[in-house]
Amino acid sequence: RMSHVSEMWCYHWRWKLQHCFCLFTTYIICMQQGAYGCYDCRIVLTDPSGIFTSPCFPSDYPNSQACKWIIRAPHGFIIQLTFIDFDIEEAPGCIYDSLTLDNGESPMNLCGITAKGLSYNSTGNEMIVSFKSDFSIQKKGFNASYVRIAVSLRNQKVIIPQVPDVDAVSVAETVSLPDLSQFTLCFEATKGNSDDNDDWKVFTYTDALSTEFFSFGKTTKGHFLSISGTQCILENALPRNAEFFTGTFQQLCIVGDSFSGSVGIYAKSTYHIVYCPGIFGKVIPGNGRLVLGSNTNEVSSLNGDIYNFRLWNFTMNVQTLANLSCDVKGNIVDWENEFWSIPTSALKAENNLSCGSYLIPSSAIEPTSCANLGSLCQATVNATTPTPPTVTTNMPDTNRNDKPNNGGMFYRISITVFSSSSNSVSKVHDVVAEWLNRTFQNWNYTVYVVNISIHPGSVKEGVREKRSIKSFEGLALLVYNSTNNINLEEEDIRQKLLSNNGTMEGGYKLQSVEVDPVEKCLAEENPPNYFWPDTRPTVTNFTLCHGSTVQTASRTCYLGLQNYTSYWGQPDLRNCTENAADIANQLLNLTGEGQQLTSDKVNDVVQKLKKIVNDEEIDESLGSTVVTIFSNILTSSDSVLAASSSEALKTIDALALKIQFTGPSMSISTRNLALGVSSINSTSFKGGSFSVSPQNNASDFQV
């Protein structure tokens, strides 16, 4: 049971004994709300998908854990959690060890093995998973995977099915399509880079007898629009011998008018009209079925993804198409869930979709008072080392702040035990473990012992004369969670052990005991320009990459389990040498909506973008990310932009000259910045034209 008393949580624990006749002793342990005896298991998870486990999985979880994982997604998503493996101590009402799942509606407690293989959905964009274990009986724990599922189609694309009528994606049966004499159709699509097939369809519309009346695709003759049996080749509007759709999303709008026999194509900010007399007076009949891809085995489906498919029963002019925003809904078909029938296997959530929302990652680790004991988990993996006892006791009532805690989270205990009996090392191990358990059980500090090792020792000459005297050397690690900054002296530990010498069973006697705090990893510079301060064992330190105010390097102070000494791990500088796309994505998050940008930070971002543009190969995808970052920067005040605006404009110019793209031209449009580039043959060029229009009818824009 758990009750709240004077801003503290009180847990009423019950000893669990396996015998029929037992004495139940209830201990009341009051502690501040927070984890104790745990490793870093209070974490905020914001990735689109991932896996997390109970501490030390697949080995048994330690005693006295208090973990919490908060899984967050952007608005418009829910969280689906699946337990790949699940084994937590079973008890009525899960009163001992348990996992609590808060889906935003009704928290539930889980234990035993029944949750294995089950999935749970959140009601909103956040799910909280809490795990606790008491002081005895450990199990394997759990292994869970999570994935964000987009509630709104705005946050997900659709993988076009490649086999007709198998997991088909279609307009919902509840949507009634009218007769169409005029229409405007817009969508975005991608095509696999390795697919050389030139015979495919993006969508197909048929009547109840499967007669095709409306489709768009490509053949060896070029891209086509088919209306009521007439195939109109869209030459000059879309490339015949090159791919319009690539590995990145390209938007295409098609405007059909049977009264004039014309088809308008708006692509890459360019509008072309193709006259097709065969569609004059043709009407696309209503009440049919529209599917994405092909509906027959004779013609393939476009091998790619599709997004933001919208259909109107009227024509739009070029100005309207240029200003078309995400808020303009298709009045016949829109990119919303209620308009479509889509199997889950065809849906894929993705960041940075043109009309979607993406989550700016927050802090990965929630503040906690827990020591990171992840490196200790391997102690339970060693088959030759019996499971170490774990002791959890009440905290003292007084705070001792007279001496700073000098890294004493871990203490090395070295003991020498004499025995007159001829026992094996494993027997001595069991006796010593039991004795340590009793010794620290009722102490005024929250401590537990891990990784006890015993080996035969040497007997001094004076003692050797006594018959059958054997010596054993023991080594153990005492872990102390210094909640409330209460200090624990090594001499206190030593005296506690000596005072309980007489309680060791089996004729064993404690001959000597030494207690030493495990040292910190000492401050050092490695490699040059990377400075690491004194660090406690199992703690990871972070520092900025040299010359960066954005990217970080990390280094962990490890705890060696052979002799319980600390040592530095190798610096992790992977973030400092990431590829251009990774760096650009980090900068995109850094400059995203809601981020506070200073003049220095903007200047740092511009310098990094300049380096990317100067040093890297720039394709359309990377170029789009870079332009979006510049667009984000432009939301800053004039004073913030003053020092770096000139450099930013020069970098954009350099980007325009360097970016690689397919086709005669390309354009990138963002909220505050648009970039158009054309590839021109200098020998045949006789002039050209371009158009620029503001978004959302804004009046103040510059070319």
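The backbone N, Cα and C atoms fix where each Cβ goes, glycine too.
According to TrEMBL, the domain 'CUB' annotation covers 41-149.
Marked as disulfide bond by TrEMBL: Cys94-Cys111. The Cβ of Cys94 (disulfide bond) lies under 8 Å from the Cβ of Ile88, Asn109, Leu110, Cys111, Gly112, each on the same chain and at least six residues away in sequence.
Under the heading domain 'Pentraxin (PTX)', TrEMBL lists 154-355. In the predicted model, the domain 'Pentraxin (PTX)' (154-355) has a mean pLDDT of 89.
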Within 10 Å of the Cβ of Cys111 (disulfide bond), how many other Cβ atoms can be counted across all chains shown?
-> 21
Provide the three-state DSSP residue tally for the domain 'CUB' (41-149): helix first, then strand, then coil.
-> 3 helix, 56 strand, 50 coil
